[in-house]
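The structure under discussion appears below in the form of structure tokens.
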């Protein structure tokens, strides 16, 4: 029993790290894989949110030089202050809506069917937005994002509260809509992930910390470690990929996964 849970945690940690920062929905993939390996239930739902902490720390480590430099320039008007202020402004919309709708989303929207629909809808949006705005960008550096543009990227992030939309996809699309290059949008998306995912992870830990067993803590540790290692590799490779390539392959992949999920649901393989 113990080894079985730890193996499942190992697998789910890798899935989280692979998918969290790609615009393909980590939630969708965790639901699919969780259904196949029979990792479901209350602990599984909490586990999938908390192991995001490993992915967050991977981003912190990847941007450590920029983060440390920004923390040395926190006087009003300095670039570090401006960066974190804009990140906070972008964080607020999803934070407020998330607090107000958390219970409803958790009880009614965390299902394979809703995730499949979100994967497909998000894929279509990615294709359309890239076709229209992909080469019309005016901002190629996240440091040049204005406060108003940061706010609208934050508004776009609200879409990611719907399971399957993908936080990464929502914020990258939002960035492109307000004039960022896909790479600049991705970098801002990763920075924005730090407060957003820390808040979500902290909220779940506070709710469940007193009711977890030692074995569940061990499973969380395994998932956390694998999520960190895998996400660190993915962030580096994804940003390098965006220097020369576009998002459409990820959109087509989302379409494929969404249709596959609908088929598996119809066959009652995934419930």
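Any Cβ shown, glycine's included, is placed from N, Cα and C.
Features as listed in Swiss-Prot:
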TRANSMEM  5-25  transmembrane segment
TRANSMEM  43-63  transmembrane segment
TRANSMEM  80-100  transmembrane segment
TRANSMEM  109-129  transmembrane segment
TRANSMEM  145-165  transmembrane segment
TRANSMEM  186-206  transmembrane segment
TRANSMEM  215-235  transmembrane segment
TRANSMEM  246-266  transmembrane segment
Seg_contact(the transmembrane segment (43-63), the transmembrane segment (246-266)) with at least 3 CB pairs under 8 angstroms, min sep 6: no
Annotated stretches the transmembrane segment (186-206) and the transmembrane segment (246-266) touching (3 or more Cβ pairs under 8 Å): no
Range from 80-100, 145-165, 215-235, 246-266 with most C-beta pairs under 8 A to the transmembrane segment (5-25): 215-235
Proximity verdict for the transmembrane segment (246-266) and the transmembrane segment (80-100), three or more C-beta pairs under 8 Å: no
Other parts of the chain folded back onto the transmembrane segment (80-100), taken as Cβ under 8 Å at six or more residues beyond its ends: 69-74, 143, 145-147, 150-151, 153-155, 157-158, 160-161, 171, 188, 191-192, 194-196, 199-200
Chain residues in Cβ proximity to the transmembrane segment (145-165) (below 8 Å; excluding those fewer than six residues from its ends, i.e. six or more beyond): 25, 27-28, 31, 85-87, 89-94, 97-98, 101, 105, 109-111, 114-119, 121-122, 139, 171, 173-175, 177-180, 184-185, 188-189, 192, 196, 258
Distant-in-sequence neighbours of the transmembrane segment (215-235), which means Cβ under 8 A and at least six residues beyond its ends: 2, 5-6, 8-10, 12-14, 16-18, 20-22, 43, 47, 50-55, 57-59, 61-62, 190
